[in-house]
């Protein structure tokens, strides 16, 4: 029967028809028969790199150090490479440009406040002179005279701030920072001179009682004066800036270098504080004048209230100026600023590595907020190679942590005291 032969021929036909289907499914695996030797070698080399074969790995150095791994650009950007000591010192210590920029910003704020205050004083002083003349009120005229004194003091302070920004000269090597202190002293002395004049006039009115006052004009002028002096008080108040900022944030809150109240007056401007005391005295006097005007307006027979307010004003101004006088005296006598503790600073310097002792530490203020230090330290023997590092750490501690304006660090190796060879010393000891 031709059945088996026909079946074989049918199967062969089916294979030929299905061959392309099987070829498509297996073509991805049958590449070895068509790839040349050169292409195969290239593929094998690629496979070696991807598989990180040991034959292509870099050789280990003879000294046993680990080979440096080749990293791509992204991994290098993500890495935090260790900095050298010189790089750390450059990163930690502020440069002169940064210090000058901060100082210019601080002076610009002070000048802005004082300029606005001077304009307000000038405008209201003219208004008080007119109102006092119309009301025949000695209290208002005296208040206008007080504002004239305050205006002259602020102008003097602005002049001092302008001169203090000038570069040092051969004669004044520290610059003109102390002019701000001088202007603060002069303004306080002007307040005391005015206080004496007010007390004298008040006593004359108390004794003679031969004056008449227009209560209506006095009341209106005094009310405007209170409003203006309240604005001046908010403008010149520095109570929100008494805390040490970036210079002392690393110190603990109970650090001995801080004032007991937690505030530091070292960052204030003495000129603005003096102007604030003037504004406070003006406010007290304006309130007193307002009370006196109210009494005189409705009870003219009690016009003695005018000199009584002058007495109270004099006592309050004397009390408020005592702190400025004390701070000014400390600066002139080159005392340590009240917000710094010499013993605590010495302890902090002694904690620096390789420091044997702190021989001398002198701290004073050029002006308010500009503390200066000179320190002489001895290092342990054999640490001469670390002098630059120790000096950098000491300067960083004084400038950044304790907020010094300038500092000088002197280093030397520790040496035991040698036997005295001076003839005078030996003769005196015998």
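Quick reminder: no glycine exception, Cβ is built from N, Cα and C everywhere.
Small disclaimer: the values here were computed from a predicted structure and weren't measured.
Noted in Swiss-Prot for the protein shown:
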{"type": "BINDING", "residues": "146, 150, 278, 282", "note": "Zn(2+) binding site"}
{"type": "COMPBIAS", "residues": "249-264", "note": "compositional bias 'Low complexity'"}
{"type": "MOD_RES", "residues": "36", "note": "phosphoserine"}
{"type": "REGION", "residues": "240-265", "note": "region 'Zinc binding'"}
{"type": "REGION", "residues": "245-265", "note": "region 'Disordered'"}
{"type": "TOPO_DOM", "residues": "1-113", "note": "topological domain 'Cytoplasmic'"}
{"type": "TOPO_DOM", "residues": "135-143", "note": "topological domain 'Lumenal'"}
{"type": "TOPO_DOM", "residues": "165-178", "note": "topological domain 'Cytoplasmic'"}
{"type": "TOPO_DOM", "residues": "200-216", "note": "topological domain 'Lumenal'"}
{"type": "TOPO_DOM", "residues": "238-275", "note": "topological domain 'Cytoplasmic'"}
{"type": "TOPO_DOM", "residues": "297-311", "note": "topological domain 'Lumenal'"}
{"type": "TOPO_DOM", "residues": "333-430", "note": "topological domain 'Cytoplasmic'"}
{"type": "TRANSMEM", "residues": "114-134", "note": "transmembrane segment"}
{"type": "TRANSMEM", "residues": "144-164", "note": "transmembrane segment"}
{"type": "TRANSMEM", "residues": "179-199", "note": "transmembrane segment"}
{"type": "TRANSMEM", "residues": "217-237", "note": "transmembrane segment"}
{"type": "TRANSMEM", "residues": "276-296", "note": "transmembrane segment"}
{"type": "TRANSMEM", "residues": "312-332", "note": "transmembrane segment"}
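Among the recorded stretches 114-134, 179-199, 276-296, the one sharing the largest number of Cβ pairs closer than 8 Å with the transmembrane segment (217-237) is 276-296.
Remote same-chain residues near the topological domain 'Cytoplasmic' (165-178) are listed as 104, 107, 331-332, 366-367, 370 (criterion: CB distance under 8 Å, separation of at least six residues from the stretch ends). For the region 'Zinc binding' (240-265), the predicted model reports an average pLDDT of 37. The binding-site residues in question are 146, 278, and the one with the fewest Cβ neighbours inside 10 Å is 146. Other residues of the same chain near the Zn(2+) site, with their Cβ within 8 Å of the Cβ centroid of 146, 150, 278, 282, are 121, 147, 149, 191, 279, 281, 285.
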